[in-house]
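Asker: Sharing a structure, written as C-alpha cells. Questions coming.
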Amino acid sequence: MAPKKGDDAPKPPPLIGRFGTSLKIGIVGLPNVGKSTFFNVLTKSQAAAENFPFCTIDPNESRVPIPDERYDFLCQFHKPASKIPAFLNVVDIAGLVKGAHAGQGLGNAFLSHIGACDGIFHMTRAFEDEDIIHVEGTVDPVRDMEIIHEELRLKDEEMIGPIIDKLEKTAIRGGDKKLKPEYDVMCKIKSWVVDEKKHVRYYHEWNDKEIDVLNKYLFLTSKPMIYLVNLSEKDYIRKKNKWLMKIKEWVDSHDPGALVIPFSGGLESQLQDKSEEEREKYCTEHKTQSALSKIIKAGYAGLQLEYFFTAGPDEVRAWTIRKGTKAPQAAGKIHTDFEKGFIMAEVMKFQDFKEEGSESAVKVSSQGARGDEGKSPVISGADSHHTAPTANCSSPLLRGRNYCTHSNPTNVIMVTHRDLRGPLWQESIRKTFKSLYYSSLF
C-alpha cells in the first residue's frame with residue numbers, strides 16, 4: 001500500500017535533555033566563522049571578535065529578550081511599572097578544530113562548555129574574505145560541518161565506552177538486575193553512535209525508558225541543533241550562494257528536520273550601528289531584513305521552551321515553561337495555589353480582545369472541566385491561557401497567534417480556581433495576578 005501523504009516528513013525530535021527552564025544554547029563552530037561577531041550583535045555586547053583562532057577562551061554568556069508582538073501589545077495596553085520579557089540564554093563558545101575530542105586546540109575545555117549547554121547554534125562560514133583566515137585554509141562549509149559533527153560524536157564515543165564497561169561489571173558480571181535495562185539501552189546507544197556513526201539526535205524513535213538514560217548522561221549529540229549559515233552581505237541580500245543547496249542537502253541527510261537559517265554577520269553588524277530610521281530605510285532600499293528575530297525564536301523553540309504572561313498595571317511578565325506543560329502546572333509556576341486550585345477552563349481569542357479594546361467587552365465562552373482533559377489542558381503552540389486567582393476573579397485570557405505558520409488567532413484558555421481568598425491573598429498578590437496570560441511562542 002502506498003504511504004499516506006506526509007508519511008515521509010521527519011518526525012519531531014523526542015524531548016531529550018535537562019528538564020528545566022533556565023536552559024542555554026551555545027554558538028558552536030570552527031574558529032573565524034563569525035561566532036563572536038554574531039554574539040556581539042545578538043546580545044549588543046562587546047565580546048572580543050578578533051581575526052585569529054581561539055580569541056574567545058572563556059565562554060561569554062548573555063540573555064537575549066524574545067521578540068514578541070503580543071508582549072509589546074500587552075505592555076502598551078497595561079502600561080505597567082515593570083516589564084519582564086522571556087529570555088534566551090546564549091553562550092559564545094570558542095572555535096573547535098579537528099582533533100578537539102583528543103585535546104587539540106584546547107578542545108577538551110571547549111567541549112565541556114558545549115556539554116554545559118542544552119542546545120547548539122551550529123555556525124558555518126559560507127563567504128570568502130582574504131582578510132579573514134580560515135583554520136582549514138579554504139572555505140568549505142560542508143567540510144566544516146562534518147568536522148564539528150564528528151568531533152561531537154567522537155567525544156560521545158569516548159564517554160560511552162567507560163559507561164558500558166562499568167555497567168557490564170555490575171549488571172552482567174555482578175548480576176545487578178536493576179541495572180540490566182540501563183546496560184541494554186547503553187548498548188543500543190553505542191550501536192547507534194559508535195557503530196553507525198550517527199548522532200543520538202538523528203534517531204527520533206527513542207522510547208521513554210531510553211530517554212531517561214539519555215537524560216542521565218546528556219550526550220553532546222543528543223542536543224538540539226540549529227544551523228546558521230554566515231553569508232556575505234551581498235549574497236544575503238540577493239538570496240544566492242553557491243553553498244546553500246549543498247548545506248541543505250547535507251543537513252537533510254545528517255540531521256533530518258533541523259532548521260537551516262542563512263544570515264549575514266556583516267549586514268547585522270552594519271544594521272546595529274544605524275538608527276532605527278536608518279535601518280528601516282536601508283532594508284527597504286535593499287529589499288532585505290535582519291534575521292536576528294527568526295534566529296532568537298528558533299533557538300528558544302529548539303530548547304522546547306514556551307512561555308505565558310502575567311499582565312496588569314503593576315507588571316507584564318513572561319514566564320518560561322517546558323513545552324508540553326499542562327495548564328495547572330504552568331499556573332503553579334506563578335504560585336503553588338494556582339495549581340492546587342485549578343477547576344476549569346474558559347476560552348476566548350486574542351484578536352477579539354485586541355479588536356474590542358477591553359477584557360469586559362469580550363464575550364467569554366465557558367467549558368466545564370472534563371476529566372483530565374478539561375482540568376489539565378496542555379499548553380501548546382496554539383494555546384494561550386488566562387488564569388484568575390480566585391473563583392470571583394474572571395478576567396478573560398488572551399489567545400496568541402501562531403507565528404511559525406502565521407495561522408489565524410486560536411483559542412485562549414481561562415483557568416478558574418477554587419476560592420483561595422484569605423491571609424495568603426494579599427493585595428500585592430491580587431494585583432500581580434489580576435490577569436494571567438499563558439501563551440507559547442510558536
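Note: Cβ is positioned from N, Cα and C throughout, glycine not excepted.
Annotations for this protein, taken from TrEMBL, read as follows:
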- 23-283: domain 'OBG-type G' (DOMAIN)
- N32, V33, G34, K35, S36, T37, L231: ATP binding site (BINDING)
- 362-391: region 'Disordered' (REGION)
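For each feature listed, report its degree of burial, its nearest neighbours and the pertinent distances within the displayed model.
Answerer: Over the domain 'OBG-type G' (23-283) the predicted model carries a mean pLDDT of 88.
Around G34 (ATP binding site), the same-chain residues six or more apart in sequence whose CB sits under 8 Å from its CB are M123, R125, N230, G265, listed in sequence order.
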Asker: Can you count the other CB atoms that lie within 10 A of the CB of T37 (ATP binding site)?
Answerer: 19
Asker: What span in Å does the ATP site cover, taken as the longest CA to CA distance among N32, V33, G34, K35, S36, T37, L231?
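Answerer: In whole numbers, the farthest two Cα atoms are 15 Å apart.
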Asker: Just going by other Cβ atoms within 10 Å, which of the binding-site residues V33, L231 has the emptiest spot?
Answerer: L231
